[in-house]
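Visitor: Got a structure here, written out as C-alpha cells. Questions coming.
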C-alpha cells in the first residue's frame with residue numbers, strides 16, 4: 001500500500017540509538033520518519049492504531065540466498081564442503097529461471113513476516129529475484145554469485161553475467177532494487193577474478209559481498225595456494241575496505257580482525273547456518289572489542305532452515321554466552337544493532353533507528369500474546385521471546401507492505417500453491 005503519509009498512533013516506540021521505550025506517535029511522510037512524539041495532531045493518509053504494539057526498526061538480513069528456500073531440508077547433517085559438492089550444487093544446476101522467481105518470492109514473504117525490510121542476496125538468475133523484490137515490496141541488494149575456479153573461460157562468463165546484472169538494475173532504476181558485486185569466496189574465485197571485482201567496485205561505486213573464512217578447509221586451501229590468509233588475499237586485490245560485507249568470518253585470526261576493523265569492512269554473522277553445518281563459532285567478542293561492524297544474516301534456508309532474523313538474534317546471543325560461559329559477554333543492545341543499525345551502516349543507509357530523518361523502515365510487533373508479556377525489557381522481549389509470526393505490520397520506505405499480518409502487495413496463498421509446483425526437493 002503506497003501512502004503519502006502514515007501516522008502510527010500511540011505505540012510503545014523503541015526510540016533513537018539508545019532504544020528508549022516511549023509511548024508516542026510516529027509520523028511518516030514519503031519514505032522518511034518526520035516526527036516522533038505524543039499526540040501528533042496532523043492529518044495523514046493512513047492512521048494505524050498501534051497502542052497495543054511495540055514499534056521498532058525493521059531488520060536487515062545482511063547475507064542470504066533467497067531462492068534456496070527451494071532446497072530447504074534437502075541436505076541435512078553434513079559439513080559444508082560435502083553439503084555443497086554432493087547435494088546443493090548438483091541440484092542448483094537444474095534450477096530454471098521460474099524456480100528462482102517463485103523460490104525467492106516465497107523467501108521474501110517469509111522475511112516480511114519476521115520483520116525484515118532489507119536483504120543482501122547472492123545467487124544467479126538475479127533478474128528474477130529483482131522482479132520478486134519489486135512485487136513483494138522489500139529492499140534488496142542483489143549480486144550474481146561469481147565462481148570461476150581458476151578457469152579463464154569461466155571467468156569471462158562470470159564477468160559478463162555480472163556486467164549484465166549491473167546494467168539491468170541500472171536500467172530498472174528502482175528505489176528498492178540495488179546492485180552489489182558478489183564473488184562467491186576467495187577459494188572459488190581466482191586472484192584475477194577478485195582483482196576485476198575490486199576494479200569494478202571502484203568504477204561502479206559498488207558494495208561487495210563475499211563468503212570469508214567460513215571453514216578451516218577454506219583457510220587451508222588459501223594458505224596452500226597463496227601462503228597467507230583469505231583476508232590478506234582480499235587486501236592484496238583491494239577489496240578490504242568499507243564497501244565489503246563478508247559473510248561468516250568464523251576462522252579469522254586476531255590479525256585478520258584488526259585488519260577488517262581498520263578497513264571499516266563488515267562481517268555478516270550467520271550463527272544458525274554456522275552451527276547447523278558444524279563450521280565453527282564466530283569470534284564475536286574479539287570482533288566487538290576491535291570495533292568491527294557486525295551485522296546479522298540468515299544465510300540461505302537450505303542451511304538454516306528459516307529466514308527469521310528474530311531467531312538469528314536469539315542464537316547469536318545465546319551461542320556466545322554458552323561458549324564463553326559468561327551471560328554478560330554480549331549485550332542485547334549489541335545484538336539488536338547487528339540486526340538493524342549495523343546492517344544499515346554496511347549498506348550506507350540512514351536506517352535501523354526510529355527517529356526523525358531516518359528511513360521509514362518499521363516493524364510493528366503485536367504484544368497481545370502470552371509469550372511476549374510483560375514487557376519488562378523490550379530488547380529482551382524481542383530477542384528472547386518474539387518469533388517471526390509476532391510481526392503484525394511492516395513498513396518499507398514509507399510503504400505499508402504488511403498490515404494485520406497480511407501482505408498487501410502479493411497473494412500469499414497463490415505464491416505458496418505455485419511454489420509446490422516448482423519445488424525440486
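In case you wondered, yes, glycine gets a Cβ from its N, Cα and C as well.
Heads up, here are the entries from Swiss-Prot:
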BINDING   63, 65, 211, 299  Zn(2+) binding site
BINDING   92, 184, 214, 299  substrate binding site
Visitor: Taking 10 A as the limit, how many CB atoms besides its own sit near the CB of residue 211 (Zn(2+) binding site)?
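Guide: For residue 211 (Zn(2+) binding site), the count of other Cβ atoms within 10 Å is 27.
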Visitor: Taking residue 184 (substrate binding site) as the reference, which of 63, 65, 211 (the binding-site residues) have a CA within 10 A of its CA?
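Guide: Near residue 184 (substrate binding site) by Cα: 211.
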Visitor: So which other residues, same chain and not among 63, 65, 211, 299, have a Cβ within 8 Å of the centroid of the Cβ atoms at the Zn(2+) site?
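Guide: Not counting the recorded site residues, we get 64, 122, 247, 248, 268, 270, 273, 297, 300.
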Visitor: Could you measure between residue 63 (Zn(2+) binding site) and residue 214 (substrate binding site) for me? Cα positions, answer in whole angstrom.
Guide: 13
Visitor: Max Cα-Cα distance in Å among 92, 184, 214, 299, the residues listed as binding substrate?
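Guide: Looking at 92, 184, 214, 299 as a set, their Cα atoms extend up to 21 Å apart.
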Visitor: By a 10 A CB contact count over all chains shown, which of the binding-site residues listed here is most packed: 65, 184?
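Guide: When each Cβ's neighbours within 10 Å are tallied, 65 leads.
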Visitor: Least buried of the binding-site residues 92, 214, 299, going by other Cβ atoms within 10 Å?
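Guide: Counting other Cβ atoms within 10 Å of each of the binding-site residues 92, 214, 299 gives the minimum at 92.
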Visitor: Express the distance between the Cα positions of residue 92 (substrate binding site) and residue 65 (Zn(2+) binding site) as a whole number of Å.
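Guide: If we compare the Cα positions of residue 92 (substrate binding site) and residue 65 (Zn(2+) binding site), the gap is 12 Å.
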